[in-house]
Amino acid sequence: MKIFALLFFLFTASNAFATNILVINSSLNSEKDSFTKRAVNQIIEKIKAKENNVNISIRDLAKNPIPHLTSEEIAAFYTPKDKHDKKIKNKIKLSDDLILQLNSSDIAIIASPMINFSVPSSLKAYIDHIVRAGVTFKYENGKPVGLLNTKKVIVVTSSGGIYSENNDMKLMNHNDSYLKTVFSFLGVKNIEVIAIEGVIHDGDKALKNAVDKFNYQK
């Protein structure tokens, strides 16, 4: 019994000091064919090199897509907490679970390949479930206040073209700019973008150039 108690203590203590990483993949491609997934794996290795203890959770939105919101769910979101019956709780359970998972992470790595100048629809559906008034943000004196606990968000994007070097092209990029807006609104102060650009020309080179720029700071 004492041995069990000691092992349990050691397990909980080690996890208490672990860096919890949540990976949110939205690429439809396999690990081998996805530039964002390959980049995420390399970024995690860089983090592991500087962190003694890392816990990794992966949410694959392509394999397990989040359904788009319904009018019933939106109504449930705005139902006062003291009126949450079993039906309301069932409607908001998925959103609550997603927010709990995100809030439990120190670092969220979001893999978002550009599709038609923006984020994949699966990622947009995910975001619609985690942006909740009174839960992940609120307003004070007419100004938004983010309530998310996540300390750092790393946005990993990929695109066939190069959008960062030309002002006209920059205006067409609604991928990382959108994600930065969302997570800044939710209160995340540390947001970093790893952009894999020009994969249509030389994908492996673009991947290397992007990941080489990432220097994880504890």
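Using the three backbone atoms N, Cα and C, a Cβ is placed for every residue, glycine included.
Keep in mind that TrEMBL annotations are predicted by a computer and have not been checked by a curator.
Look at TrEMBL and you will find Ser27, Ser158, Ser159, Gly160, Gly161 tagged as FMN binding site. A C-beta separation below 8 Å, combined with a sequence spacing of at least six in one chain, links Gly161 (FMN binding site) to Met169, Glu197, Gly198, Ile200. The secondary structure of Gly161 (FMN binding site), as reduced to three states from DSSP, is coil rather than helix or strand.
Among the features that TrEMBL reports, domain 'Flavodoxin-like fold' is placed at 20-214.
The annotation signal peptide is assigned in TrEMBL to 1-18.
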Exercise for the section: State, in Å as a whole number, the widest CA to CA span among the FMN-binding residues Ser27, Ser158, Ser159, Gly160, Gly161 given in the record. Expected result: 17
Exercise for the section: Give me the non-local Cβ neighbours of Ser27 (FMN binding site): same chain, 6+ apart in sequence, Cβ-Cβ under 8 Å, ordered along the sequence. Expected result: Ser34, Thr36, Lys37, Ala62, Ala111, Pro113, Pro120, Ser158
Handout entry: binding-site residues compared (Ser158, Ser159) - highest count of Cβ atoms within 10 Å
Key = Ser158
